[in-house]
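Pulled from Swiss-Prot:
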- 6-26: transmembrane segment (TRANSMEM)
- 31-51: transmembrane segment (TRANSMEM)
- 88-108: transmembrane segment (TRANSMEM)
- 117-137: transmembrane segment (TRANSMEM)
- 144-164: transmembrane segment (TRANSMEM)
- 190-212: transmembrane segment (TRANSMEM)
- 225-245: transmembrane segment (TRANSMEM)
Amino acid sequence: MACSPLEQFAIIQLIPIHIGNLYFSFTNSSLFMLLTISLVLLLVHFVTLNGGNLVPNAWQSFVEMIYDFVLNLVNEQISGASSVKQRFFPLIYVTFTFLLFCNLIGMIPYSFTVTSHFIITLGLSFSLFIGITIVGFQTHGLHFFSILLPQGVPLPLAPFLVLLELISYCFRALSLGIRLFANMMAGHSLVKILSGFAWTMLSMGGILYLGQLAPFFIVFALTGLELGVAILQAYVFTILLCIYLNDAINLH
């Protein structure tokens, strides 16, 4: 298990907490989620302290860049009045920032990638999906069920299409969680495997010492690629969240 590329995803119990038959132990996953939230809050606090700087520094520019990026994303993907967009912007901004920092912190050696665990991504996607569904019913009432039946469908095909649309709608949350988990886990595992291969060749010495340069270059390239994937997956999760929210609000 020591050489397994999956060892990096192991849940380690740090503080055991048992209340009867309930298990609330504080793990490395809990620690890094807490660190992520603390880092984001501290960054935003110091950047916005005293209203921020008239001439922004690097950190303030970084926070403003994320803010403008998410704001443009919301304006492009969610149609309707600006009050509707402002209502859901904080949720989308927090979701994107949390996922982005979780993914980036997972790139640091000896850290833990929170989003590489299916239970985390699935819990996040299902909670958001349930919230979006509630928004749909609050906005449209029972008319929200019309999202399951496209206009102009022949009556004999209606039951079949409603069933297909219902399955498709329910699988949105599942696919949202699987996509993030699978990409983060696969990328980190690949980097770990190639890193171990390059280190083995380096340790053997001799002519293999020169041969290990190619795997090392590949590892560096994959690390850069994985960094891009970490940012991209936070973006994909967020844009799909905006699309699903727009469907619930406008029945598109």
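Here, residue 1 is simply the first one shown, and the rest follow in order.
Including glycine, each Cβ sits where the backbone N, Cα and C put it.
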Report the listed stretch (31-51, 117-137, 144-164) having the maximum count of Cβ pairs within less than 8 Å of the transmembrane segment (88-108).
31-51
Contact set of the transmembrane segment (225-245) with the rest of its chain, CB cutoff 8 A exclusive, min separation 6+ beyond the ends, reads 70, 73-74, 77-78, 88, 92, 95-96, 99-100, 103-104, 106-107, 115, 125, 128-129, 132, 135, 172, 176, 179-180, 183-184, 187-188, 191
